[in-house]
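J.: Can you keep this structure in mind? I'll have questions shortly.
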């Protein structure tokens with residue numbers, strides 16, 4: 001039976017992920033009356049740490065990396081009692097492909113520099129740009145796999161104009177893998193949750209957001225809230241599944257339906273020694289920082305070790321392969337990943353100390369992948385529409 005006890009707030013925040021909790025922190029500081037409504041049983045969204053039961057340590061199942069240009073994130077981490085540590089990747093470390101085993105760093109840099117130049121007013125699929133501007137078939141495979149992991153969506157379905165728009169808005173020139181928090185990011189989530197502890201409700205999916213004469217009405221299965229303002233701190237694909245009053249629907253429908261969910265499976269292994277620090281690349285002994293798989297589109301491996309910490313590799317399986325593997329058992333997914341590692345590193349890759357995986361595919365509330373992306377024929381500027 002529905003219990004529509006009306007409760008009024010200045011602001012309702014839908015979603016207790018990092019965005020929602022950060023917004024709540026600011027409202028708390030300003031003395032604004034607010035409520036946070038979260039569909040899941042925990043806060044954090046895609047920020048989620050798993051603690052090992054076999055040995056000391058933890059794994060980040062979702063978000064993990066940052067760089068120092070992400071000043072707000074750096075500040076939040078420090079305020080939660082942690083420090084920022086460098087990812088243990090040296091300047092001379094290289095990324096290779098798994099077939100020719102050549103360094104791909106300069107290849108990606110050169111292609112990225114020219115790929116989005118002079119995009120026509122008419123949108124086109126990202127994959128069509130490859131065919132027009134990348135003549136070498138192997139390089140085309142490298143870039144396609146790189147983007148399939150980076151964007152978590154098959155390039156055949158991505159909007160070139162939207163990616164250019166996002167690229168121009170990303171101001172940092174640094175890799176976003178340069179640093180990590182010194183401890184589990186759950187510490188950050190819990191420190192933000194503590195600020196709004198009495199303001200958050202869990203296990204309460206919102207179904208409707210309705211505009212009224214005096215503000216907004218937000219309905220879940222069992223409760224109804226009213227507010228002067230609403231912050232939807234959820235992925236656009238999750239927001240598109242809510243019901244809106246006609247005026248709101250007219251204003252936001254095209255933008256929300258311009259997005260497609262990404263798909264990513266993340267696996268991390270801990271090893272006794274970093275065997276990838278000595279690898280023959282084009283006749284020279286090099287230190288590897290990553291591998292891009294061209295025959296397994298959307299699969300990549302990176303050195304995810306922190307300076308002074310244990311040796312780790314993290315594999316990201318993105319886009320179509322992630323969707324297929326999400327339907328398999330955990331054991332089958334792990335074996336698929338270990339086979340990819342074996343192809344490059346040999347049997348030593350199977351001798352790990354510990355590992356963990358997490359599947360971010362078709363989550364009803366968090367969406368999939370790192371984030372949603374604008375699909376071909378969507379509004380390229382949907383984020384600001």
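FYI, residue positions are counted from 1 along the chain as it appears here.
Positions of Cβ are set from backbone N, Cα and C atoms, glycine also.
Caution: TrEMBL annotation is automatic and unverified by curators.
Given the structure is predicted, the values throughout are model-derived calculations rather than measurements.
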J.: If TrEMBL says 38, 39 bind FAD, which of 111, 189, 206, 209 does it name for the same site?
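T.: Answer, per TrEMBL (FAD site with 38, 39), from 111, 189, 206, 209: 206.
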J.: What other residues of this chain sit with their CB within 8 A of the center of the CB atoms of 38, 39, 206, the recorded FAD site?
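T.: The answer, listed by sequence position, is 14, 15, 16, 37, 40, 202, 204, 205, 220, 234, 365.
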J.: Enter the number of other CB atoms within 10 angstroms of the CB of residue 38 (FAD binding site).
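T.: Its Cβ shell of radius 10 Å holds 27 other Cβ atoms.
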J.: Using the alpha carbons only, what distance in Å do you get between residue 206 (FAD binding site) and residue 316 (substrate binding site) once rounded?
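T.: Between the Cα atoms of residue 206 (FAD binding site) and residue 316 (substrate binding site), the distance comes to 31 Å.
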J.: Do you know offhand how many angstrom separate residue 38 (FAD binding site) and residue 316 (substrate binding site) by C-alpha?
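T.: Spelling it out, the Cα of residue 38 (FAD binding site) and the Cα of residue 316 (substrate binding site) are 27 Å apart.
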